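Inspection log for the structure reproduced underneath, given as structure tokens.
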Amino acid sequence: STISNNSLKSSLLQLECHFTWTLLKQDVDLDELEETVDAQVKFFIKSNIRNYNLLSYVCHLKNSNEEALKNLQRAEEEIKKNHPDEIARRSLVTWGNYAWIYYHMKRYEEAQTYVSKVEKSCKELSSTAQRKIQLPDICAEQGWAFLKFGRKYYERAKNCFENALKNEPNNPEFNTGYAIAMYRLEDLIYRQYEDKSVSLELLKRAVELNPKDTFTMALLALRLQDVKRIDEGEKYIEEAMQKTPDFPHFLRYAAKFYRRKGDVDKALEILKKALRVTPKSSFLHHQAGTCYRVKLFQLKKTTTRPPQEQVEELIRLAIFHFKIAIDIKTKFFCACVDLANMYAEGKRYEEAEEAFQRAFQISILFNDDKQRLYYHYGNFQRFHMKLESEAVRYYREGLKIEEDSYARSKCSNALNQLLRRRIQEGLGDATDFGTLGFIHNLNGEKHEAIECYEKAVELHPDNEEYLSALCELRLSL
């Protein structure tokens with residue numbers, strides 16, 4: 001009966017649940033997401049309904065609908081246990097997910113049953129008879145799901161928590177979600193959120209409303225550290241350490257705090273403790289690798305001739321942890337680049353090249369990731385392979401991506417330095433002058449750009465690119 005199936009499908013699309021929130025599987029590493037949420041189920045007591053709902057959707061994306069149903073049953077048990085007086089209100093997302101999963105299993109009658117349950121409850125819960133009901137809890141649950149699906153979704157997460165807070169401004173959970181979303185946005189977006197004090201105030205408020213939440217406490221400590229209020233930050237870390245000495249989601253950020261403070265041994269001690277609890281955390285392995293890298297650079301900086309076996313051991317440990325991180329989370333971009341750089345440090349150039357190529361293959365890279373990759377790969381070509389023309393090529397690729405970022409300014413500075421030196425030494429060719437012209441033009445230095453392009457055309461008279469750039473510049477003056 002296609003007609004009833006069509007009407008079922010249109011009813012399903014009206015539901016508020018993970019299946020209608022456009023959470024795309026290509027934006028996350030599903031295995032790693034499942035691992036994280038599983039770990040949270042073990043250590044979070046309060047919000048497991050939300051975690052089970054999300055796990056059911058992840059299981060569906062991994063083609064195990066039976067497992068998805070089991071997670072929804074777990075969500076239902078939690079609702080009965082924790083909210084016996086408001087079962088219908090608390091179950092709307094769970095029932096919506098049930099309906100979708102049964103629909104995908106072609107069990108249409110069961111799907112219809114759950115659609116009807118949601119519709120009936122919405123009528124009872126809201127004066128206007130409609131399927132879509134904007135309950136603050138549902139807005140917030142959507143916000144948490146967005147946070148889990150990665151940076152593409154952070155702006156949407158922020159909006160969800162803002163909506164939820166309109167109705168319940170003092171709800172501790174909503175305040176926490178909002179603060180985390182702002183914290184992550186500030187860390188991501190270069191220049192737009194230059195001032196990081198917005199999330200500082202939000203995190204403070206979240207911690208006041210929810211003093212047991214040590215995860216948020218750790219983020220507050222890191223933000224205080226960002227604004228150079230380090231002692232104040234450390235007080236929060238120490239207090240949280242007393243409250244939850246074994247909670248891995250807190251420990252990973254505590255370790256980050258001590259690493260950034262320069263106490264790398266303490267950071268490693270905390271990471272080892274956390275890894276005993278969650279040995280399959282890619283985040284923890286990446287942090288451990290980063291600590292060994294910091295130790296390596298400290299050793300090289302402070303000792304004129306550092307003992308070779310010490311250097312090799314630190315490189316080996318860093319590689320060991322970076323490798324595990326990308327085995328667990330195959331699209332872990334930062335760990336890929338860090339691994340490549342560490343192979344290069346150890347003069348294992350073929351493996352470095354392989355790791356860089358692996359990073360280039362990751363399909364979900366953002367513009368600033370790409371810029372960072374071009375920058376590091378350019379450095380690899382320049383300092384390790386001694387191929388300056390290749391380095392110029394990759395730095396330039398990073399510059400061509402029109403997004404303001406830290407990595408882009410690094411590409412610009414590296415290029416500038418390299419080209420000026422080549423030109424001073426009389427090695428400058430048309431490409432060098434053309435590229436320098438390109439940089440001047442980007443920085444709005446038109447006269448200097450014109451000089452460079454004139455030089456480039458002199459050396460390579462029939463190059464279309466230089467001629468048209470020169471023409472445009474002259475017209476714009």
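Note: Cβ is positioned from N, Cα and C throughout, glycine not excepted.
Pulled from TrEMBL:
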REPEAT    180-213  repeat 'TPR'
REPEAT    248-281  repeat 'TPR'
REPEAT    430-463  repeat 'TPR'
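Sequence-distant neighbours of the repeat 'TPR' (180-213) (same chain, 6+ residues past either end, Cβ-Cβ under 8 Å): 143, 146-147, 151, 154-155, 157-158, 161, 170-173, 219-220, 223-224, 226-227, 236, 243, 368, 404-406. When pLDDT is averaged over the repeat 'TPR' (180-213), the result is 88. DSSP labels the residues of the repeat 'TPR' (248-281) in these numbers: 28 helix, 0 strand, 6 coil.
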